[in-house]
Structures are given as C-alpha cells and as structure tokens.
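*Asks:* Here's a structure for you.
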Amino acid sequence: MFYDDDADLTIIQGRKVGVIGYGSQGHAHSLSLRDSGVQVKVGLKEGSKSRAKVSEQGLDVDTPAAVAKWADVIMLLAPDTAQADIFKNDIEPNLSDGDALFFGHGLNIHFGLIKPPAEVTVAMVAPKGPGHLVRRQFVDGKGVPCLIAVDQDPTGKGEALALSYAKAIGGTRAGVIKTTFKDETETDLFGEQAVLCGGTEELVKAGFDVMVESGYPPEMAYFEVLHELKLIVDLMYEGGIARMNYSVSDTAEFGGYLSGPRVIDAGTKDRMREILRDIQNGDFVKKLVANVEGGNKQLEQLRKENVEHPIEVVGKRLRDLMSWVDRPITETA
C-alpha cells in the first residue's frame, strides 16, 4: 500500500496532462489535477455538450487530437467502447517517444483492443469510487483509494509517474494498491456481471416475480425486494456482512442463514465460474465489440426488455410518493 509520503507530486506537476472525456471520472481527475498544480487540458469532440461545462469550470478544452498532441501524459477516460476509435484516430497519430498513456480501467489494454507503441509508458490509475466522490473527498482534504498498474515501462519510471498522478487526485491520502491490468480488468468485469449489476438485478426481479405470482400486491413485493435492499447494502458497506447481521432482527438473521444457501448454492457458484471463464478467455469482450459494431442493437433491445419489467412500472409509481428520494432526470422529465 502506498501513501502520500511514497509519491512525489512534482513528477506529475512537471508534465502536461490531457484528460480525454469529461464524465464522472473525467471531471474529478481534471479539476483535482488542476488544483494540485498540474497543467491540464480536456479533450472533447467538437459539438460536445460538456465543452461549455469545462470552460465554466475554468479548464482549457480542445479536440482529443489537439490535446493528445499538446500533452505528454494522456488519461483516456472516455467510455470503454469508444476508446479504441479515439486512440486510433486522435491519440496514436500524436504520440511521441516518452509520452505516457493512462487509463482508468484496463479492458482495452488487457484484451488488446488498444496497442500503444513500445516507446510509450502505459499505466492505470483507477479510483475505487465514482467521480463525484473522488472530487468531494479531494476538496475535503481526503481521498478515495486507488489502484495503479503499469503495463509498459520503457523509461523505468512508470510506477513513480502513476503514483504521482494518484497523489494529485487524492488517492495517496487514502491508500494506493498496486495491481495489474489483468487483475483489475477481470475482477471488475466479474463483479459487475455476477454480483453488482447482473446478479443483483436478476435476484431482485426473481424475488419480485415470485411474490407477485404468488398473489401478493406488487407494491409490497417492490418494497420487500428492492426498496429495502439499500438499507441492507448500506449496513454491509459500513461494517461488512457481520455488521449487517448484527443490525437486523434475529428473525431476519436466522432466516437468512437458513434460506440464503438455498438461493445461492453450489450450482450458482459453478455458473459464476463459467462467467469468469468467459471474461478471462475474451468471449465477453468479443460479444461487447460485436454489439458495438452492430450499432448497439443488442444492448438497446436488452434495455427495452428491462425497462418493461413490471417492477419498473410499480417502482416509478411508488417513488413518486417518496419526496426524500433523489429522482434521476430521465424519470422526472
């Protein structure tokens, strides 16, 4: 684990950093780098709606190609599925020996969708939290833990550069963990697919379906399997699984011990291993690339099917009654 004393901020302060993208992580990195005394420019395509926001926040903005030509450290924070084209069209033609190409996630490097020249340092700085939290913690004098990894290191100084960058966005205040592009990518994808997004979503929908099919009102089913999930996850987030079990009733704890293994059993773990193998051998990324090349038709169809599930209909109606719940723009419009 690395902390503030292990990183030299002057290293990144002596470089010119181009941040490509201004989404959740892009804005947090750019603003915190600037506040740490680093020269920063943001790369966005002509016509991007985010350009005005970048200028309003006092940052310089230009096209990705122009920023890549100006910078000697390029942090690529555009969506995973857009990165390969941005690299090919805007970044690669403007790379020079000694430049560094940074990522916030290892997918494109690990699976060979982006292949930088051997003379370029390739590293990753990945905060383990959303951009708004990274920025808020930085402003408060704190930080969010980060992962760093170095994939190509022609100068032998890649790790020091990555640590310096992590320090500039507050990561070393909390702690920085050294990893590899392989481990970060595969664990991140597995967590998303098997547990955080895919697994949790399907568990919630299955619980809702069983209750409604058994004759219970959909409103009650929604509260029991989705609305209250936040209460449980917050307890686990704050103090682990043991804290959650300590905080719930004895009835809930006892029932969970008995019934949880009936839902998530050895067969579930076998299927999780299959998901992990699909990630490790590149099958998932092949499907991801095929979807993009097909105009995102498969993703759009899956999205359509998902929003039409009854839990989404009853959920929107119930959230209309909850003044304390922050509503997304897409739902309030």
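Glycine is no exception: its Cβ is also placed from the backbone N, Cα and C atoms.
Worth saying up front: this structure is predicted, and the values here are computed from it rather than measured.
As listed in Swiss-Prot for this protein:
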type	residues	note
DOMAIN	1-179	domain 'KARI N-terminal Rossmann'
BINDING	Y22, G23, S24, Q25, K45, S48, S50, D80, T81, A82, Q83, G131	NADP(+) binding site
ACT_SITE	H105	active site
DOMAIN	180-325	domain 'KARI C-terminal knotted'
BINDING	D188, E192	Mg(2+) 1 binding site
BINDING	D188, E224, E228	Mg(2+) 2 binding site
BINDING	S249	substrate binding site
*Asks:* Need one number for the NADP(+)-binding residues Y22, G23, S24, Q25, K45, S48, S50, D80, T81, A82, Q83, G131: the maximum pairwise CA distance in Å, whole number please.
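*Replies:* Result: 21 Å between the two most distant Cα atoms.
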*Asks:* A 10 Å Cβ contact count, applied to the binding-site residues S24, S50, Q83, S249: which residue has the minimum?
*Replies:* S249
*Asks:* Find the shortest Cα-Cα separation between the residue listed as 'active site' and the binding-site residues Y22, K45, S249, and name the residue that gives it.
*Replies:* Y22
*Asks:* Report the DSSP secondary-structure composition of the domain 'KARI C-terminal knotted' (180-325) as helix, strand and coil residue counts.
*Replies:* 122 helix, 0 strand, 24 coil
*Asks:* Work out how many Å separate E192 (Mg(2+) 1 binding site) and Q83 (NADP(+) binding site) at their Cα atoms, rounded off.
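*Replies:* So the Cα of Q83 (NADP(+) binding site) lies 20 Å away from that of E192 (Mg(2+) 1 binding site).
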*Asks:* Can you give the mean pLDDT for the domain 'KARI C-terminal knotted' (180-325), rounded to a whole number?
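*Replies:* The predicted confidence over the domain 'KARI C-terminal knotted' (180-325), as a mean pLDDT, is 97.
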*Asks:* Among the binding-site residues listed here (D188, E192), identify the one with the smallest other-Cβ count within 10 Å.
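*Replies:* It is E192 that, of the binding-site residues D188, E192, has the fewest other Cβ atoms within 10 Å.
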*Asks:* Take the C-alpha atoms of Q83 (NADP(+) binding site) and E228 (Mg(2+) 2 binding site) and report the distance between them in angstrom, rounded.
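*Replies:* So the alpha carbons of Q83 (NADP(+) binding site) and E228 (Mg(2+) 2 binding site) sit roughly 37 Å from each other.
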*Asks:* Sort out the sequence-distant neighbours of Y22 (NADP(+) binding site) for me: same chain, 6+ apart, CB within less than 8 Å of its CB, listed by position.
*Replies:* S30, V42, L44, S48, S50, K53, V54
*Asks:* Between the recorded positions K45, T81, H105, E224, E228, whose Cβ has more other Cβ atoms within 10 Å than any of the rest?
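*Replies:* Of K45, T81, H105, E224, E228, the one with the most crowded Cβ is H105.
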*Asks:* Could you measure between K45 (NADP(+) binding site) and D188 (Mg(2+) 1 binding site) for me? Cα positions, answer in whole angstrom.
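*Replies:* It is 28 Å, counting Cα to Cα.
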*Asks:* Could you state the whole-number distance in Å separating the C-alpha atoms of E224 (Mg(2+) 2 binding site) and T81 (NADP(+) binding site)?
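*Replies:* The separation of the Cα atoms works out to 36 Å.
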